[in-house]
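Asks: Attaching a single structure in structure tokens format; questions to follow.
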């Protein structure tokens, strides 16, 4: 549907557009930059954006990737596709009290497609898609910036004109190489921000298409306005920030399409000027389009609210300490300080960190804190820009500054803590969209400097230097995101007070087996945050393995005291108490863990071990059975059931359990070994031999496998084969219990047989 705009009291808008092009100062004339054809400009932007992040293509899954991808059941084929619409970004039900309410089903769908095409969790495909998305977005930025900086005009054939080719190229390059984007591109979970930005820009460009001119005058298409709303909805289904494009489209419509002077409009509204209809607000079509945008946005938010529910997301004080401050003054001061730090990351993206929580930025609690200067500087700059955007007599300047501020501030509002509490202090990924506004303001500032500068080439070289430094910084930061070790260690110099940084470095070292170094970082994490229960739990685990049981018990007891529903800490406390032979306390700890986490197979397994130590065989078998019901692939629980039944003489039952286990886990050599022992005792030698050989093939260096097969051959009468496997077993483990005695018995028997034969 096409609505034609004609106004007898106003000049034809098509003519007004052309007059504007002649009368307004030309941004291009002032910009000392390269002039390239549109196609080549886009190729250059694509190539440079690719070079910035290309070295992240073969990186690992790091940081949040584990929870959002590897541990997310929504990626697996057995999870119905429909579940994606009722789960959050991390795979939890939106109705759950523990859900973060991050509703991004389309992003999760792309992860699922990646997983299916790759045939598993291979990070290369995930990284390549992220790099391609950023390159695509950077190319689209050339068109977006040409509109924002040069205005929206069309040729007689309806083709959009690029009136700012040099400025749009510079702004797009600034966006493409900004180091703050590294988290979005090199971190796979940043896919949400990339997809959101893609549809955000497509929504804006779609809205611009609604105003193509034709011979009958300036027109607008309801179809393209509706397409823009739909693309905005898709952007929000990728990440929450996407909804803000509808507000920006309305701002763009008012400032660029209807050329409203905001200051003049405010004055007329305040003084109830009768000429208000001439101010542009009531021009035919504007209110209709804004109504469409508002109705679309309200509908999207209502549907999301219905799916998500009314409960707020569950965050803790360590995630966002300022939001938990009792004083409104402290909250306001710290929120504004966070805004200033986000602005600084855009201006000087040198200190980058994967996580800014847990003491990384101590709270400002007094006006005597020197960091108040940062707030003053931020608001001084913002107020100056706002005054220029409202009061300047230059309409071109007003338009660019207002659009720049709009694209800087409006996409940031969902992360501002103004409307709801967010789960972070600073997150570099949320600056991806606001950086559009920064690039507009930077480019416009560069044009003003170029206009005043006598040596324009020096200024152009300086900007080239900034771009080159950013490219190198992107490449360096991308390499840090390739592995968790590099990523976590890079944060130590940026946020040395961040307990989570020390925790993650410690965890990474512990996973690699370097327990001594891990202890050092876990202790520092607990020192920085004495309520950091996860660090206490992990440190307690390591101390338990090193047999430092009393300190381990102290740490784990403190962890469950701080967080009484911490099931993992209760289970680990039970293990320590069991090792200290305080069996009743251990049993109580295990049951408390199960109370707080109903489906906890590992805890049932450990409970079964406790009952086995106490000779409560029926209870042990029931506990291990529960573990295998909750986790059918729980090999240790199956093995312990087989061994306990074998040791208590229940060979038939042991055989049945062993066969059941092997049906579920057919390639587990330890299960083959346990069942082979049972079959050997039941004199099913042939079947037992086959399982022993299969287990040995899977794990040829297990001395016990060869030793028990030798015992089987010994019983069976295959003495030569028995001798061979006894010798292999003793070679692998000369101290293997019982093997040397059995081997000596066999040798004596062979000697006796030889004497008889002689």
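Even glycines carry a Cβ here, placed using N, Cα and C.
Unlike curated entries, TrEMBL annotations are predicted automatically.
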Asks: Using TrEMBL as the reference, determine which range in 315-336, 337-358, 403-424 is annotated transmembrane segment.
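Replies: Of the candidate stretches, TrEMBL labels 403-424 as transmembrane segment.
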Asks: Among 33-54, 55-76, find the range that TrEMBL records as transmembrane segment.
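Replies: Checking TrEMBL against the ranges 33-54, 55-76, the transmembrane segment one is 33-54.
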Asks: Which residues of the chain, 6 or more past the ends of the transmembrane segment (188-208), have a CB below 8 A from one of its CBs?
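Replies: For the transmembrane segment (188-208), the list is 61, 63-65, 68-69, 89, 104, 106-107, 110-111, 123, 126-127, 129-130, 133-134, 136-137, 140-141, 143-144, 147, 152, 160, 224-225, 227-229, 231-232, 234-236, 238-239, 241-242, 244-246, 248-249, 252-253, 411, 429-430, 432-433.
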Asks: Counting by DSSP, what is the helix, strand and coil composition of the repeat 'TPR' (533-566)?
Replies: 27 helix, 0 strand, 7 coil
Asks: Under a criterion of three or more Cβ pairs within a distance under 8 Å and sequence separation of at least 6, are the transmembrane segment (33-54) and the transmembrane segment (403-424) in contact?
Replies: no
Asks: Is the transmembrane segment (243-266) in contact with the transmembrane segment (220-237), using at least 3 Cβ pairs under 8 Å (sequence separation of 6 or more) as the test?
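Replies: These two stretches do touch.
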Asks: For the transmembrane segment (430-449), which recorded stretch in the set 131-151, 243-266, 286-305, 372-391 gives the largest number of Cβ pairs separated by under 8 Å?
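Replies: Looking at each of 131-151, 243-266, 286-305, 372-391 in turn, the most contacts to the transmembrane segment (430-449) are made by 131-151.
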Asks: Do any residues, 6 or more residues outside the repeat 'TPR' (703-736), come within under 8 Å Cβ-to-Cβ of it, and if so which ones?
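Replies: Distal contacts: 669, 673, 676-677, 680, 685, 688-689, 692-693, 695-696, 742-743, 746-747, 749-750, 753.
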Asks: Which residue counts does DSSP yield for the domain 'DUF1736' (311-383) in the helix, strand and coil classes, in that order?
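Replies: Residue counts in helix, strand and coil order: 36 helix, 0 strand, 37 coil.
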